[in-house]
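Each remark here refers to the structure printed beneath this line.
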Amino acid sequence: MAEIRSIGVVGGGQMGSGIAQLAAVNGFEVWLHDADSTALSNAHESISSRIQSIVSKGHLTKEKGAEALRNLRCTSNLEDFRSVDIVIEAIVESEEVKKKLFVRLDNIVKGSAILASNTSSISITRLASATSRPGQVIGMHFMNPPPVMKLVEIIRGASTSDDTFNATKFLAERLGKKIICSQDFSGFIVNRILMPMINEAFHALYTGVATKEDIDAGMKFGTNHPMGPLELADHIGLDVCLSIMKVLYAGLGDSKYAPCPLLVQYVDAGRLGRKKGIGVYQYSKM
Ligand code: NAI
């Protein structure tokens, strides 16, 4: 099993910037790419300030913080991924866009490199089939925010090799994560269970069962969830939730997975959650 030393992360949004930070802090050489130059510089800025904050709280030494920042390189040129050992893709949740990226990456990275996707729900088998290396394609699904949340869900596509699985599992362990393994069916384990609950919370709001505050309080104080489902949807991003519901609906073919019209309407209105300052709730400043 080849050792992973160098990691390429594509997508500098909520997830990609968190994955890049986590890898850099754990001593890996990290290349971070985003197609949008503003998103890339915002990612660099937010990673730097989060690392500074961890150092100032005493959870990381000043030297380790400085080393983590030295480990991180942001690039607008995907060709810089030539020598990485693994790419972790964290771009928009669209099968078409991800497939195009996987085709490009397949042509750029070295033959031994693994192509991993942080997708929440899209078929790893289909992403793999767009490449010439289906045995080296795998799902590596981090939770939000990646530096904090303990879990990584590893998804084996139909052709994923044992070597690829073992190397990815070893990497996730070196990043300090608890691992669960899922077969490649829509939504995998976590979102297969979580998203219908969030969608149902939207239905409860849509049909006037209760206020958003009471729906969230019900699940927080009644079932010990750290966040209510509507609050959590804002945290994840309503666009991401809607994309996942569409994948569940298309992939599992049951009307119980149809996205709630209110969720669709909020996304149409640009109410995408915390990242936009408004979703189910309004946020004063992002
Ligand atoms: P985001 O919207 O915060 O960030 C996506 C980034 O990808 C943006 O900066 C965008 O400029 C960039 N991008 C889009 N297309 C690109 C391309 N072709 N090449 C390079 N960069 C491109 O999205 P977020 O929330 O970080 O989600 C990313 C992925 O992670 C999605 O697949 C999502 O389903 C998954 N995910 C999201 C979680 C969440 O709580 N938001 C949790 C776990 C997984």
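In case you wondered, yes, glycine gets a Cβ from its N, Cα and C as well.
The domain '3-hydroxyacyl-CoA dehydrogenase NAD binding' (7-184) scores a mean pLDDT of 97 in the predicted structure. Annotation source TrEMBL lists domain '3-hydroxyacyl-CoA dehydrogenase NAD binding' at 7-184.
Residues in the domain '3-hydroxyacyl-CoA dehydrogenase C-terminal' (187-283) partition by DSSP class (helix H, G, I; strand E, B; coil) as 66 helix, 3 strand, 28 coil. According to TrEMBL, the domain '3-hydroxyacyl-CoA dehydrogenase C-terminal' annotation covers 187-283.
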